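Asker: Here it is, the structure, as structure tokens.
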Amino acid sequence: MERTLSIIKPDAVERNFVGQIISRFEAQGLRPVAMRMMHLSQKEAEGFYAVHSERPFFKDLVSFMTRSPVVVMVLEGEGAVARNREIMGATNPENAAEGTIRKDFAKNIEENSVHGSDSPENAAIEIAYFFRSTEIC
Ligand code: RTP
Ligand code: MG
């Protein structure tokens with residue numbers, strides 16, 4: 001069993017898609033084992049996306065991620081990191097496959113509804129960023 005960090009981003013929470021998005025994970029073999037709704041501070045968002053701090057979209061990304069609440073979750077399942085990325089679809093919804101979350105819910109390349117860890121190593125770092133081990137069931 002593997003674990004990954006998932007975030008339902010502000011654009012999806014604002015449009016009331018939390019339940020539909022979690023259902024997609026459940027239906028496709030991933031189980032939430034930790035979950036919290038929170039409104040990220042600027043510091044929290046900057047720290048989470050620190051790897052992108054030199055990218056031209058960083059400031060916009062932090063502003064987007066802090067504008068309203070998100071849902072942070074740990075998802076567990078076989079090959080959870082890769083499985084989650086498949087269920088999410090490509091970063092840009094224009095390139096996302098049919099039936100993926102981003103194809104069906106994302107507004108554009110930035111407001112793309114979900115985050116998912118991109119490797120098991122980063123998943124461990126990102127899970128620890130939001131959850132104590134005692135909060136993971
Ligand atoms: P994520 O980290 O959120 O799961 O998304 P990702 O791996 O598919 O994409 P990544 O390259 O890591 O980018 C992180 C997030 O930054 C925003 N972004 N905006 N305006 C732009 O050109 C642009 N490019 C990326 C998106 O919210 C993307 O998910
Ligand atoms: Mg990424």
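Every residue, even glycine, has its Cβ placed from backbone N, Cα and C.
Per TrEMBL, active site, pros-phosphohistidine intermediate is recorded for H115. The ATP binding site annotation in TrEMBL covers K9, F57, R85, T91, R102, N112. What TrEMBL records for 1-137 is domain 'Nucleoside diphosphate kinase-like'.
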Asker: Between the two most separated Cα atoms in K9, F57, R85, T91, R102, N112, the residues recorded as binding ATP, what distance in Å do you get?
Answerer: 21
Asker: Roughly how many Å lie between the Cα atoms of T91 (ATP binding site) and H115 (active site, pros-phosphohistidine intermediate), rounded to a whole value?
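Answerer: Given the Cα positions, T91 (ATP binding site) is 9 Å from H115 (active site, pros-phosphohistidine intermediate).
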Asker: Within the domain 'Nucleoside diphosphate kinase-like' (1-137), what mean pLDDT does the predicted structure show?
Answerer: 98
Asker: I'd like the Cβ neighbour count for N112 (ATP binding site), meaning other Cβ atoms within 10 Å of its Cβ, all protein chains included.
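Answerer: Excluding its own Cβ, N112 (ATP binding site) sees 23 Cβ atoms within 10 Å.
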Asker: Taking the Cβ of F57 (ATP binding site) as reference, which residues of that chain separated by at least 6 in sequence fall under 8 Å from it?
Answerer: E110
Asker: Reduced to three states, what secondary structure does DSSP give R85 (ATP binding site)?
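Answerer: The residue in question, R85 (ATP binding site), is helix (DSSP, three-state).
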